[in-house]
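Encoded as structure tokens, the structure appears first; notes follow it.
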Amino acid sequence: MNYQNTLAYAQQQDNEDKLSYLRDKFHIPTDKKGNPWLYFTGNSLGLQPKTTQQYIQQELDDWAKFGVEGHFEAKNPWMPYHELLTNKMAKIVGAKPIEVVVMNTLTTNLHLLMVSFYQPTKTKFKIVIESDAFPSDRYAVESQLKFHGFNPKEALVEWSPRKGEELLHIEDLENILEKDGDAIALLLIGGLNYYTGQYLDLKRIAELGHAKNCMVGIDLAHGAGNIQPNLHESGVDFAAWCTYKYLNSGPGSLAGLFVHEKHANNKDLPRFAGWWNHNKETRFNMRQPFDVMPGAEGWQLSNPPILSMAAIRASLDMFDEIGMDALREKSEKLTGYFEFLINEIDTDRIKIITPTKTSERGCQLSIQVKNADKSLHQKLTDKNIITDWREPDVIRCAPVPMYNTFEDVFTMVSILKTLL
Ligand SMILES: *Cc1c(COP(=O)(O)O)cnc(C)c1O
């Protein structure tokens, strides 16, 4: 790319951007005077599509109008409401519809998936995570180990960056499996690391794990709606992700769950049950013995919160209209521009820890600033630039292709430069 370090160039890129119309479809938060924020934290909480309100309102209206009959009489009947999300969500993560369901929240889904896919024995019981896994994932895994009577000190294996480095090497996972694979039962890896922004090769991880008869699960919290993980093709056994980050579905909204087709009809997999993973044809007879549904739907437990699903539907309809390919294309360009501008700052205080290869990252760049403290983050915030600070010295910044502009990126870097 022949990027240029001028405002005029950034504005021209916005003019030529086929997706620039999308920004207007979101509520962009503003400061007290009404100036829009430069919002770079779509990796924490995506912005609200303007259509979300009407999608939720529809369900509120139908609840008011129909009460319990809304399960069948609502414009979008609530009984099969989650099915309205499945195909669109499946496309976003590159899965078959039978492999995907929207339900619960992310950490809950990880636990339910481990009930099925973490089946330790006395000799094969260890779980591998990244040393810098998101805390919730680490806590979930540690608690699963303890629940099965293992000591995390022995049973939790960490895949770490090499000394003095931040990023992971796949060869190091290979070595772990070479050495300890017979004792490892499960790999549970963040597909796109929340801290470094590194996007790992899921297919390779699946191959390495499967070669040692390990189950392979992926947390896609920072991947879904950001990169195309091609989950089906990757061959991983299971995955889960939240929808409130890049999928713009509102704080604490429901999560996605993927179980690979190869497990779709395995009724013998241990799992927890509720009426919602019972065969939908006979669910309301209420008297049958439990008859589990095939595919990802077979992990549901409860009837789902329709209001939250309405918000997800509003967002997925946007994703579906645009498609991940077009979003990714813009995203690579936008983040590439961001990287170019950062590298133009003439200082040795700044280092981007996110990989330089576009195939190894999503939209986020994690920028390490030597001798900086949280006051730098505060100064950015005072200038309406919303980023995320991670101790000791990293700014995480995610230009989101749906609503961030080349001008946002240009302005952000200009201000960062003056603050240094
Ligand atoms: C955001 C995030 C979570 C959050 O979990 P919830 O159950 O949705 O609160 C968990 N894991 C990762 C990797 C995340 O990025």
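Including glycine, each Cβ sits where the backbone N, Cα and C put it.
In TrEMBL, annotation is done automatically, which means it is predicted and not curated.
Going by what TrEMBL states, the pyridoxal 5'-phosphate site holds Leu106, Thr107, Phe134, Pro135, Ser136, Asp137, Asp219, His222, Tyr244, Asn303, and the candidate of Trp159, Trp275 recorded there is Trp275.
A C-beta separation below 8 Å, combined with a sequence spacing of at least six in one chain, links Tyr244 (pyridoxal 5'-phosphate binding site) to Leu45, Gly46, Gly250, Pro251, Gly252, Ser253. Here Lys245 (N6-(pyridoxal phosphate)lysine) is positioned 15 angstrom away from Ser136 (pyridoxal 5'-phosphate binding site), judged by their C-alpha atoms. Cα separation, Asn303 (pyridoxal 5'-phosphate binding site) to Lys245 (N6-(pyridoxal phosphate)lysine), rounded: 23 Å. Straight-line distance linking the Cα atoms of Asp219 (pyridoxal 5'-phosphate binding site) and Lys245 (N6-(pyridoxal phosphate)lysine), rounded to a whole number, equals 13 Å. Screening the binding-site residues Ser136, Tyr244, Asn303 for a C-beta under 6 A from any atom of ligand 1 leaves Ser136.
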